[in-house]
């Protein structure tokens with residue numbers, strides 16, 4: 001063989017004690033390339049390009065160069081990889097299924113193959129004549145995998161999405177025109193329920209014709225034969241590789257089947273992940289399991305240990321369509337990847353960076369290494385192409401490849417050392433952080449867990465997290481520094497949580513003034529001297545007004561165009577608030593009413609209150625003018641969030657005030673001239689010592705500012 005003559009060729013001047021130095025195979029992996037004539041597009045029935053799902057080289061000695069490819073539309077094509085004539089490249093083509101073919105397997109040493117399709121059937125074909133030999137029915141969902149035993153040409157196994165593993169024997173007679181399974185493992189990879197041994201969940205008996213629920217079953221993604229009596233399988237969710245003894249009848253038990261041996265999930269993920277493919281080396285000792293956590297685990301299939309012997313990484317496995325293959329001598333492992341490349345690892349040294357076969361523009365799914373020729377590799381991709389990679393074995397082939405357009409090449413993947421990974425971290429700036437108790441850099445803490453598989457890398461730390469942190473101050477301290485100084489404008493991407501809470505859909509970010517804290521509604525309100533008639537518009541005036549229902553149907557709150565009513569509550573506050581209305585300067589000059597301060601309310605209204613005509617309030621950092629009698633009568637609003645059916649002194653006082661309003665005395669007392677007569681009847685209006693049992697309804701609740709005002713005696 002030409003390849004062996006190149007590999008075993010001794011190096012000149014390197015002979016030592018009669019033993020020649022040979023070329024290491026690792027150095028030859030970078031010589032793989034794919035020429036333009038070795039790229040084949042997979043077409044469907046109507047001529048449209050469709051992705052290929054499975055490929056496999058023939059096991060017949062005189063047809064080992066024939067590659068079988070099955071695509072998404074159920075078409076199987078046989079390619080002659082040694083033929084350079086485009087017209088004679090496709091040896092055979094036939095429609096195997098009316099649905100997608102997910103896996104394909106050759107009968108050992110014969111011109112036959114079996115296809116596993118999404119139409120819930122497996123079919124045995126004679127590839128020379130293109131005839132259907134038999135059809136296998138029994139699965140209730142799509143078939144995902146099919147495998148033959150090396151020791152039996154008539155026995156093969158299938159696994160499907162219904163969670164069942166079925167064994168078929170083509171030597172049995174056909175019943176109803178198709179084959180029936182000779183052995184079945186139902187629920188092979190069901191999720192283990194947390195239950196006591198005394199309460200074992202019994203499996204429902206199988207009813208023919210009734211498809212099991214896919215939600216209650218766990219899909220079997222791959223099955224292979226270890227020997228004529230042993231099957232190895234893997235699932236999509238449980239993360240366990242199970243070994244089954246076919247000499248045991250698993251259908252006779254009503255509980256979930258128990259495997260003869262299992263390999264638990266060895267990864268560091270917080271949840272168990274499934275496997276997309278299983279493959280054994282030529283000796284049958286090493287088992288390679290391709291997991292969806294971007295690792296390929298190698299187990300010792302003949303030993304007693306269940307921990308992986310080696311782990312191969314560097315690629316990406318995000319789907320269950322990615323397959324693996326082993327070189328004919330068992331020294332190298334080939335796998336597809338989601339990053340548009342195929343990877344080759346050295347089995348004896350997993351730490352060596354893999355060799356990548358680059359050229360596809362989509363995910364590389366199924367791969368196959370020709371078992372009779374080390375220099376030939378086939379890859380399938382979602383870019384609707386099948387590529388055959390060849391090894392440049394001489395200078396003549398290299399010169400010929402220069403004339404031909406190359407669409408794929410091999411290269412050694414660069415390994416990032418741990419020191420460079422640490423340099424990718426965002427540098428810390430402790431000088432910009434005033435507090436020494438905060439973390440000065442994104443370096444993990446000492447007590448942080450060792451596993452960071454589900455955590456972001458240190459290099460992903462945003463730089464904005466290292467910006468200077470403003471001083472933590474209370475609202476009173478912020479006001480003490482000066483109300484006139486406006487902070488820097490905050491961008492929409494750096495709005496604090498407090499800004500999001502106090503904003504409305506139509507309001508913009510407060511850039512001129514700092515957002516007042518919702519807790520300021522409960523702080524004592526101080527009096528300030530009279531302000532100018534030109535009132536500065538505060539942020540709350542720009543908020544969208546929301547009309548609330550009135551306390552009664554006959555009283556309606558009418559807001560003028562120049563009224564600055566604050567009728568929207570701060571989100572998250574369930575406490576009573578003030579509802580103040582401020583009118584224009586013309587109405588403010590003509591009003592001579594008298595209002596109380598909140599400090600007087602807290603002292604129980606024991607002190608006399610006689611404010612001047614220019615008395616104002618400061619609520620939430622906003623200077624408001626005093627209330628007028630008209631505003632007191634027209635601000636009869638019912639707060640939906642503040643209303644409460646609890647009977648207290650405030651509700652009793654409101655009920656009494658409502659009853660007084662309906663009397664003729666209150667109607668006469670609405671004018672300023674009749675206040676003296678009404679004030680004599682009610683000299684004081686202090687809060688009662690105990691609550692009065694008066695029926696309270698949400699409609700009787702009124703604003704607190706409408707109840708308290710001094711009557712001139």
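Counting starts with 1 at the first residue shown.
Placement of Cβ uses the backbone N, Cα and C atoms for every residue, glycine included.
These come from Swiss-Prot:
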REPEAT    47-89  repeat 'WD 1'
REPEAT    96-135  repeat 'WD 2'
REPEAT    138-178  repeat 'WD 3'
MOTIF     168-171  motif 'DDB1-binding motif'
MOTIF     197-204  motif 'Nuclear localization signal'
REPEAT    215-254  repeat 'WD 4'
MOTIF     244-247  motif 'DDB1-binding motif'
REPEAT    270-309  repeat 'WD 5'
REPEAT    314-355  repeat 'WD 6'
REPEAT    359-399  repeat 'WD 7'
REGION    474-544  region 'Disordered'
COMPBIAS  504-516  compositional bias 'Polar residues'
REGION    604-623  region 'Disordered'
COMPBIAS  612-623  compositional bias 'Polar residues'
REGION    635-700  region 'Disordered'
COMPBIAS  686-699  compositional bias 'Polar residues'
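Each residue in the repeat 'WD 4' (215-254) gets a DSSP state, and the totals come to 3 helix, 19 strand, 18 coil. When Cβ-Cβ distances below 8 Å are used as the criterion, the motif 'DDB1-binding motif' (244-247) is approached by residues 165, 167, 183, 185, 188, 229-233, 257, 259-260 of the same chain, each at least six residues removed from its ends. Sequence-distant contacts of the repeat 'WD 3' (138-178) (same chain, six or more residues past either end, CB-CB distance under 8 Å): 99, 102-110, 114-122, 124, 184-190, 211-212, 214, 217-225, 227-228, 231, 233, 235, 244, 246, 320. Along the repeat 'WD 2' (96-135), the predicted structure has mean pLDDT 95.
With a cut-off of 8 Å between Cβ atoms, the residues of this chain six or more beyond the repeat 'WD 5' (270-309) that come close are 221-224, 226-227, 232-241, 243, 261-264, 315-326, 328-330, 333, 335, 345, 347, 350, 453-454. For the repeat 'WD 4' (215-254), the residues of the chain that approach it from at least six positions outside its boundaries are 141, 144-152, 155, 157-165, 167, 183-192, 202-203, 205, 260-265, 267, 272-280, 284, 287, 289, 291, 299, 301, 320, judged by C-beta separation under 8 angstroms. Mapped onto DSSP classes, the repeat 'WD 6' (314-355) shows 0 helix, 15 strand, 27 coil.
Residue counts for the repeat 'WD 3' (138-178) by DSSP state, with H, G and I taken as helix and E and B as strand, are 0 helix, 19 strand, 22 coil. Secondary structure of the repeat 'WD 2' (96-135) per DSSP, as helix, strand and coil residue counts: 0 helix, 23 strand, 17 coil.
Secondary structure of the repeat 'WD 1' (47-89) per DSSP (helix as H, G, I; strand as E, B; remaining residues coil): 3 helix, 19 strand, 21 coil. With DSSP classes pooled into helix, strand and coil, the tally for the repeat 'WD 7' (359-399) is 5 helix, 19 strand, 17 coil.
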